[in-house]
Amino acid sequence: MRFSIISRYLVREITLAWLAVTVVLVAVLFTNRLIRYLGDAASGALPGDIILLLMGFKALSYTALVIPGSFFLGVVLAMGRLYRDSEMSAMGACGIGPGNIYRAVALLALPLTLLVGWLSIETGPWAAREGREAEQVARETVEIQAIRPGRFIQSSRADGMFYIERFAADGERMRDVYLQTRQGDEQVMLAAAEGFIQVDPDTGDQYLVLLDGHRYDGFPGQSQWRVMEYAVHGVRISEGDPPTVRTRRDGIATAQLWGSDDLGERAELQWRLSMPLMVITLGLIAIPLSRSSPRDGRYGRLLLAVLIFASYSNALTVAQGWLEDGRLPLWLGLWPVHVLVAGIGLIWLAGQYGLLRRRPREGAA
């Protein structure tokens, strides 16, 4: 009964600290993303009503990385407070050793490991894929939403003017489209029976695609104009940020990564499998790291914990890059990084409890 009460107490303290750290990390990580979305919405590149949905997808795709770090910092904060308040000394006097503490930490670590595994393997890739598609569709339709049928509308991104007679029944296709723009000193006028907005998935550029129309090229004041008839014609109206190869990989289903021969995709698989392992290894090293005396500063260990987590994450990122380049064999994966961190935690714990001290020789004076 004594251990049960102490276990619940430790789990409660760690959980409260973990939740607080999670809120702070989420706020920090998503502030920049939110500012970017708000800037795009203010400039007319993104509909404002899609921002919350996109932030939700980002939250699901990033949470798998946030939870291991917030759990690690939460354990360090909670256990550090217990050491500073001499509560751990009192528990030690009652026979509570490191094994009891690790069992209490495991009560929270094991469910979080399963949660992170589910997020990184299933939910995270789905959210990344759906979020990217939702953002692409939103950017495709935002130009249409700004257009009013029967009016000439200035488009700064196309450096010209739009006009459409009406929308089709689906609300996306445009009927009787007119576009006037410039290419250097030359004036370009396009007229088409139908048109729609499309985003290039490889470059992020936004195009106005015109169907069944004519193009007129020439200089104002001159009588000679070039006239071309086309079935399909595209005009780039904005330049986007092309998604990187690694950014696209995070949306590939895990089942597809298992059967892939591409080094980059196999490295992505290793990264996803590393997320739940981080919860275990960081929980292992958090206990010896949090041990302190009442005279130690409140946030001294926290700074060291941040440096350890940053080094751990960077080491995994570097190792992932080596896997992509073929400098590390796939069978080895990212395991050396996890083994190194876990080994440091075990050696640190053994040193604190005197397990590494040499025993005196028998018969020594």
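Every residue gets a Cβ built from N, Cα and C, even glycine.
Automatic, uncurated: that is what TrEMBL annotation is.
The transmembrane segment annotation in TrEMBL covers 9-30 (among others).
What TrEMBL lists as transmembrane segment is 50-80 (among others). Within the chain, the transmembrane segment (50-80) has long-range Cβ neighbours (under 8 A, six or more residues past its boundaries) at 10, 13-22, 25-26, 29-30, 33-34, 37-38, 41, 88, 101, 105, 108-109, 112, 115-116, 119-120, 123-128, 130-131, 134-135, 138, 250, 272, 275, 278-279, 282-283, 285-287, 289-292, 298, 301-302, 305-306, 308-309, 313.
Annotated transmembrane segment per TrEMBL: 101-121 (among others), in sequence order.
The transmembrane segment annotation in TrEMBL covers 273-290 (among others).
Outside the transmembrane segment (302-323), and at least 6 residues removed from its termini, the chain residues within Cβ reach (under 8 Å) are 65, 68-69, 72-73, 76-77, 80, 263, 266-268, 270-271, 274, 278, 281-282, 285-286, 289, 330, 333-334, 336-337, 340-341. Taken from TrEMBL, the feature transmembrane segment covers 302-323 (among others).
According to TrEMBL, the transmembrane segment annotation covers 329-351 (among others). Panel annotation: around the transmembrane segment (329-351), residues 98, 263, 266, 270-271, 273-274, 277-278, 280-282, 284-285, 287-289, 312, 315-316, 319-320, 323 of the same chain, lying at least six beyond its termini, place a Cβ under 8 Å from a Cβ of the stretch.
Counting only same-chain residues 6+ beyond the ends of the transmembrane segment (101-121), those with a CB under 8 A from a CB of the stretch are 6-7, 10-11, 14-15, 18, 60, 63-64, 67-68, 71, 75, 79, 254, 272-273, 275-276, 278-280, 283-284, 286-287.
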